[in-house]
Amino acid sequence: MSAGAERAPCGLPRVGLGTAVQGPRPDPVRRAVLRAMQLGYRHFDTAAHYATEGPIGEAAAEAVRTGVVASRGELFVTSKVWCADAHPDRVLPALRRTLSNLQMEYVDLYMVHWPVTMKAGRFTAPFTPEDFEPFDMRGVWEAMEECRRLGLARAIGVCNFSCKKLEALLSFATIPPAVNQVEINPVWQQRKLREFCRGKGIQLCAYSPLGAKGTHWGSDSVMDSGVLHEIARSKGKTVAQVCLRWVYEQGDCLIVKSFDEARMRENLDIVGWELTEEERQRISKIPQRKINQGRRYITEHGQYKSLEELWDGEI
(Lines of atoms letter the chains of each structure in order from A; the text may use other names.)
(Lines give C-alpha, C1' and ligand atoms only; values in the text may rest on other atoms or scores of the structure.)
Protein backbone atom coordinates (compact mmCIF):
# COMPACT_ATOMS: atom_id res chain seq x y z
CA MET A 1 0.00 0.00 0.00
CA SER A 2 1.34 3.45 -0.89
CA ALA A 3 1.83 6.07 1.80
CA GLY A 4 -0.86 8.14 0.11
CA ALA A 5 -3.49 5.44 0.59
CA GLU A 6 -2.48 4.10 4.02
CA ARG A 7 -4.75 5.32 6.80
CA ALA A 8 -4.36 5.90 10.53
CA PRO A 9 -6.85 4.20 12.88
CA CYS A 10 -9.05 7.33 12.81
CA GLY A 11 -9.33 7.02 9.02
CA LEU A 12 -7.00 9.92 8.20
CA PRO A 13 -4.60 8.99 5.35
CA ARG A 14 -1.03 8.97 6.67
CA VAL A 15 0.28 11.40 4.03
CA GLY A 16 -1.65 14.39 2.72
CA LEU A 17 -0.99 17.25 0.32
CA GLY A 18 -1.08 20.72 1.86
CA THR A 19 -2.38 23.68 -0.11
CA ALA A 20 -1.42 26.76 1.93
CA VAL A 21 0.14 28.80 -0.87
CA GLN A 22 1.26 32.40 -1.10
CA GLY A 23 -1.11 34.58 -3.14
CA PRO A 24 -4.08 33.65 -5.34
CA ARG A 25 -3.09 30.70 -7.53
CA PRO A 26 -6.29 28.79 -8.31
CA ASP A 27 -5.24 27.13 -11.56
CA PRO A 28 -1.79 25.90 -10.39
CA VAL A 29 -3.46 24.51 -7.26
CA ARG A 30 -6.13 22.72 -9.31
CA ARG A 31 -3.53 21.19 -11.63
CA ALA A 32 -1.24 20.15 -8.78
CA VAL A 33 -4.06 18.54 -6.80
CA LEU A 34 -5.27 16.63 -9.84
CA ARG A 35 -1.74 15.41 -10.57
CA ALA A 36 -1.34 14.42 -6.92
CA MET A 37 -4.50 12.32 -7.18
CA GLN A 38 -3.04 10.61 -10.25
CA LEU A 39 0.15 9.87 -8.27
CA GLY A 40 -1.78 8.28 -5.40
CA TYR A 41 -2.48 11.05 -2.91
CA ARG A 42 -5.93 10.82 -1.35
CA HIS A 43 -5.70 13.27 1.57
CA PHE A 44 -5.96 16.99 0.75
CA ASP A 45 -5.59 19.66 3.41
CA THR A 46 -7.08 23.11 2.95
CA ALA A 47 -8.61 25.90 5.04
CA ALA A 48 -10.85 28.89 4.58
CA HIS A 49 -7.78 31.03 5.29
CA TYR A 50 -5.81 29.44 2.42
CA ALA A 51 -8.40 30.36 -0.24
CA THR A 52 -7.68 27.05 -2.00
CA GLU A 53 -10.97 25.24 -1.32
CA GLY A 54 -12.36 26.11 -4.77
CA PRO A 55 -9.53 24.63 -6.86
CA ILE A 56 -9.47 21.49 -4.69
CA GLY A 57 -13.17 20.99 -5.35
CA GLU A 58 -12.64 21.52 -9.08
CA ALA A 59 -9.79 18.98 -9.13
CA ALA A 60 -11.87 16.44 -7.21
CA ALA A 61 -14.80 16.80 -9.61
CA GLU A 62 -12.46 16.43 -12.59
CA ALA A 63 -10.80 13.36 -11.02
CA VAL A 64 -14.18 11.65 -10.60
CA ARG A 65 -15.32 12.68 -14.07
CA THR A 66 -12.15 11.34 -15.76
CA GLY A 67 -11.90 8.15 -13.68
CA VAL A 68 -8.78 9.06 -11.69
CA VAL A 69 -10.82 8.12 -8.64
CA ALA A 70 -14.02 6.08 -8.66
CA SER A 71 -15.94 8.50 -6.42
CA ARG A 72 -15.66 11.37 -3.94
CA GLY A 73 -15.59 8.72 -1.23
CA GLU A 74 -12.03 7.74 -2.19
CA LEU A 75 -10.79 11.19 -1.16
CA PHE A 76 -10.21 12.59 2.31
CA VAL A 77 -10.68 16.35 2.34
CA THR A 78 -9.95 18.44 5.41
CA SER A 79 -10.63 22.12 6.00
CA LYS A 80 -10.48 24.52 8.92
CA VAL A 81 -12.58 27.28 10.42
CA TRP A 82 -10.60 30.53 10.54
CA CYS A 83 -10.24 32.67 13.67
CA ALA A 84 -12.69 35.30 12.35
CA ASP A 85 -15.37 32.60 12.27
CA ALA A 86 -14.37 31.00 15.59
CA HIS A 87 -17.59 32.31 17.17
CA PRO A 88 -20.35 29.90 18.24
CA ASP A 89 -22.83 31.38 15.76
CA ARG A 90 -20.41 31.57 12.83
CA VAL A 91 -18.90 28.04 12.70
CA LEU A 92 -21.78 26.33 10.89
CA PRO A 93 -22.21 29.13 8.30
CA ALA A 94 -18.44 29.03 7.73
CA LEU A 95 -18.56 25.30 7.05
CA ARG A 96 -21.46 25.78 4.65
CA ARG A 97 -19.34 28.32 2.72
CA THR A 98 -16.45 25.86 2.69
CA LEU A 99 -18.72 23.16 1.27
CA SER A 100 -20.00 25.57 -1.36
CA ASN A 101 -16.41 26.39 -2.34
CA LEU A 102 -15.52 22.70 -2.51
CA GLN A 103 -18.77 21.79 -4.30
CA MET A 104 -19.10 18.92 -1.82
CA GLU A 105 -21.79 17.70 0.54
CA TYR A 106 -19.37 17.05 3.41
CA VAL A 107 -15.76 17.34 4.49
CA ASP A 108 -14.05 14.32 6.00
CA LEU A 109 -12.48 16.42 8.75
CA TYR A 110 -13.22 19.98 9.92
CA MET A 111 -10.81 21.60 12.35
CA VAL A 112 -10.49 24.71 14.50
CA HIS A 113 -7.50 26.45 12.88
CA TRP A 114 -6.16 28.11 16.06
CA PRO A 115 -7.45 28.47 19.64
CA VAL A 116 -7.92 32.13 18.76
CA THR A 117 -10.93 34.34 17.97
CA MET A 118 -10.85 37.48 15.84
CA LYS A 119 -13.55 39.92 14.90
CA ALA A 120 -15.75 38.75 12.05
CA GLY A 121 -14.29 39.59 8.67
CA ARG A 122 -10.62 39.66 9.70
CA PHE A 123 -9.05 37.23 7.25
CA THR A 124 -5.81 38.83 6.11
CA ALA A 125 -2.77 40.12 7.96
CA PRO A 126 -1.53 42.41 9.33
CA PHE A 127 -3.72 42.08 12.39
CA THR A 128 -4.08 44.75 15.07
CA PRO A 129 -4.66 44.28 18.82
CA GLU A 130 -8.25 45.44 18.31
CA ASP A 131 -8.92 42.48 16.00
CA PHE A 132 -8.76 39.90 18.80
CA GLU A 133 -11.58 38.73 21.04
CA PRO A 134 -11.78 36.07 23.79
CA PHE A 135 -11.84 32.49 22.49
CA ASP A 136 -15.05 30.75 23.63
CA MET A 137 -13.72 27.20 23.50
CA ARG A 138 -16.90 25.56 24.76
CA GLY A 139 -19.22 27.52 22.48
CA VAL A 140 -17.05 27.01 19.41
CA TRP A 141 -16.68 23.29 20.08
CA GLU A 142 -20.43 22.84 20.57
CA ALA A 143 -20.87 24.39 17.11
CA MET A 144 -18.24 22.00 15.73
CA GLU A 145 -20.16 19.09 17.27
CA GLU A 146 -23.31 20.31 15.52
CA CYS A 147 -21.43 20.22 12.20
CA ARG A 148 -20.58 16.60 12.95
CA ARG A 149 -24.15 15.71 13.97
CA LEU A 150 -25.54 17.25 10.78
CA GLY A 151 -23.20 15.08 8.71
CA LEU A 152 -21.50 18.10 7.13
CA ALA A 153 -18.22 17.01 8.72
CA ARG A 154 -17.50 13.30 9.09
CA ALA A 155 -15.01 14.09 11.88
CA ILE A 156 -13.97 17.19 13.82
CA GLY A 157 -10.63 18.22 15.24
CA VAL A 158 -8.33 21.04 16.25
CA CYS A 159 -5.01 22.59 15.25
CA ASN A 160 -2.29 24.13 17.39
CA PHE A 161 -3.74 22.94 20.71
CA SER A 162 -1.43 22.34 23.66
CA CYS A 163 -1.90 19.49 26.14
CA LYS A 164 -3.52 21.93 28.57
CA LYS A 165 -6.00 23.22 25.98
CA LEU A 166 -6.86 19.67 24.92
CA GLU A 167 -7.43 18.76 28.56
CA ALA A 168 -9.84 21.69 28.89
CA LEU A 169 -11.65 20.72 25.69
CA LEU A 170 -11.98 17.06 26.71
CA SER A 171 -13.48 18.10 30.05
CA PHE A 172 -16.74 19.13 28.36
CA ALA A 173 -16.67 17.73 24.80
CA THR A 174 -19.49 15.36 23.87
CA ILE A 175 -17.59 14.43 20.72
CA PRO A 176 -13.82 14.47 21.35
CA PRO A 177 -11.46 15.82 18.68
CA ALA A 178 -10.30 13.10 16.29
CA VAL A 179 -7.15 14.96 15.28
CA ASN A 180 -4.77 17.64 16.53
CA GLN A 181 -2.81 19.13 13.62
CA VAL A 182 0.38 20.77 14.86
CA GLU A 183 3.93 21.55 13.81
CA ILE A 184 6.07 18.40 14.00
CA ASN A 185 9.54 17.88 12.54
CA PRO A 186 12.95 16.69 13.78
CA VAL A 187 13.60 20.18 15.20
CA TRP A 188 10.24 20.24 17.05
CA GLN A 189 9.47 16.63 17.95
CA GLN A 190 6.43 17.10 20.24
CA ARG A 191 7.18 14.15 22.53
CA LYS A 192 4.98 15.36 25.41
CA LEU A 193 2.03 16.20 23.16
CA ARG A 194 2.31 12.88 21.31
CA GLU A 195 2.23 10.91 24.54
CA PHE A 196 -0.78 12.91 25.75
CA CYS A 197 -2.71 12.52 22.49
CA ARG A 198 -1.93 8.82 22.25
CA GLY A 199 -3.36 8.32 25.73
CA LYS A 200 -6.55 10.19 24.76
CA GLY A 201 -7.05 8.54 21.36
CA ILE A 202 -6.32 11.75 19.42
CA GLN A 203 -4.38 11.39 16.17
CA LEU A 204 -1.49 13.81 15.68
CA CYS A 205 -1.08 15.23 12.19
CA ALA A 206 2.15 17.06 11.34
CA TYR A 207 2.28 20.27 9.41
CA SER A 208 5.62 21.76 8.33
CA PRO A 209 7.42 18.39 8.66
CA LEU A 210 10.29 19.94 6.68
CA GLY A 211 10.35 23.23 8.63
CA ALA A 212 8.44 25.36 6.10
CA LYS A 213 11.63 26.69 4.53
CA GLY A 214 10.80 29.53 2.16
CA THR A 215 7.65 30.72 3.95
CA HIS A 216 7.49 34.04 5.80
CA TRP A 217 7.61 32.26 9.16
CA GLY A 218 9.53 29.09 8.29
CA SER A 219 13.11 28.08 8.97
CA ASP A 220 15.97 26.29 7.21
CA SER A 221 16.97 24.60 10.47
CA VAL A 222 15.36 21.28 9.46
CA MET A 223 16.54 21.00 5.85
CA ASP A 224 20.03 22.29 6.73
CA SER A 225 20.53 19.94 9.69
CA GLY A 226 23.93 18.27 9.53
CA VAL A 227 22.60 15.16 11.29
CA LEU A 228 19.79 14.74 8.76
CA HIS A 229 22.16 15.29 5.83
CA GLU A 230 24.52 12.59 7.13
CA ILE A 231 21.68 10.10 7.59
CA ALA A 232 20.30 10.89 4.14
CA ARG A 233 23.68 10.33 2.49
CA SER A 234 24.19 7.02 4.28
CA LYS A 235 20.77 5.73 3.19
CA GLY A 236 20.75 7.08 -0.36
CA LYS A 237 17.67 9.15 0.46
CA THR A 238 16.94 12.87 0.46
CA VAL A 239 16.84 14.95 3.64
CA ALA A 240 13.12 15.44 3.03
CA GLN A 241 12.53 11.68 2.90
CA VAL A 242 14.46 11.15 6.14
CA CYS A 243 12.37 13.85 7.86
CA LEU A 244 9.09 12.44 6.58
CA ARG A 245 10.07 8.87 7.43
CA TRP A 246 10.93 9.99 10.97
CA VAL A 247 7.47 11.60 11.39
CA TYR A 248 5.83 8.52 9.85
CA GLU A 249 7.63 6.22 12.31
CA GLN A 250 6.20 8.23 15.23
CA GLY A 251 2.73 7.08 14.13
CA ASP A 252 1.76 10.61 13.07
CA CYS A 253 0.00 11.60 9.87
CA LEU A 254 1.76 14.30 7.91
CA ILE A 255 1.05 17.09 5.46
CA VAL A 256 3.59 17.74 2.69
CA LYS A 257 3.42 20.78 0.48
CA SER A 258 5.08 20.70 -2.91
CA PHE A 259 3.48 21.16 -6.31
CA ASP A 260 6.63 19.93 -8.09
CA GLU A 261 5.85 16.48 -9.52
CA ALA A 262 9.27 14.97 -8.75
CA ARG A 263 8.99 16.09 -5.13
CA MET A 264 5.39 14.90 -4.88
CA ARG A 265 6.63 11.44 -5.90
CA GLU A 266 9.60 11.65 -3.55
CA ASN A 267 7.40 12.61 -0.61
CA LEU A 268 5.36 9.42 -1.03
CA ASP A 269 8.49 7.22 -1.13
CA ILE A 270 8.76 6.79 2.63
CA VAL A 271 7.57 3.19 2.99
CA GLY A 272 9.50 -0.01 2.36
CA TRP A 273 12.52 1.22 4.31
CA GLU A 274 13.16 2.46 7.82
CA LEU A 275 15.55 4.33 10.04
CA THR A 276 17.92 2.34 12.23
CA GLU A 277 17.78 2.62 16.00
CA GLU A 278 21.08 4.51 15.94
CA GLU A 279 19.66 6.99 13.41
CA ARG A 280 16.56 7.48 15.52
CA GLN A 281 18.74 8.17 18.56
CA ARG A 282 20.77 10.75 16.64
CA ILE A 283 17.59 12.52 15.53
CA SER A 284 16.23 12.46 19.09
CA LYS A 285 19.25 14.51 20.21
CA ILE A 286 18.72 17.35 17.72
CA PRO A 287 18.26 20.61 19.68
CA GLN A 288 14.57 21.54 19.87
CA ARG A 289 13.04 24.87 18.82
CA LYS A 290 9.48 25.59 17.74
CA ILE A 291 9.43 27.31 14.35
CA ASN A 292 5.81 28.47 13.98
CA GLN A 293 5.34 30.23 17.30
CA GLY A 294 2.16 32.10 16.38
CA ARG A 295 3.59 35.45 17.43
CA ARG A 296 0.97 37.39 15.49
CA TYR A 297 -1.66 36.14 17.98
CA ILE A 298 0.20 37.69 20.92
CA THR A 299 -1.08 41.14 21.88
CA GLU A 300 -0.85 43.10 25.08
CA HIS A 301 -4.60 43.68 25.14
CA GLY A 302 -5.70 40.30 23.76
CA GLN A 303 -6.37 36.89 25.29
CA TYR A 304 -2.75 35.78 24.87
CA LYS A 305 -0.24 38.32 26.14
CA SER A 306 2.75 36.02 25.77
CA LEU A 307 3.91 32.87 24.02
CA GLU A 308 3.76 31.23 27.45
CA GLU A 309 -0.02 31.84 27.53
CA LEU A 310 -0.65 30.75 23.93
CA TRP A 311 1.27 27.49 24.30
CA ASP A 312 0.73 27.00 28.05
CA GLY A 313 4.44 26.77 28.70
CA GLU A 314 4.84 23.86 26.30
CA ILE A 315 7.44 25.50 24.04
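Note that Cβ sites are derived from N, Cα and C of the backbone, with glycine treated the same way.
The domain 'NADP-dependent oxidoreductase' annotation in TrEMBL covers 16-286. If you look up TrEMBL, you'll see TYR50 marked as active site, proton donor. As annotated by TrEMBL, site 'Lowers pKa of active site Tyr' applies to LYS80. For HIS113, the entry in TrEMBL reads substrate binding site.
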Chain-internal residues, separated by at least six, CB under 8 A from the residue listed as 'substrate binding site': ALA47, ALA48, HIS49, LYS80, VAL81, TRP82, CYS83, ALA86, CYS159, ASN160
Cβ-Cβ distance under 8 Å to the residue listed as 'active site, proton donor', same chain, at least six residues away: THR19, ALA20, VAL21
Neighbouring C-beta atoms (10 Å sphere around the C-beta of LYS80 (site 'Lowers pKa of active site Tyr')): 26
Mean of pLDDT values spanning the domain 'NADP-dependent oxidoreductase' (16-286): 95
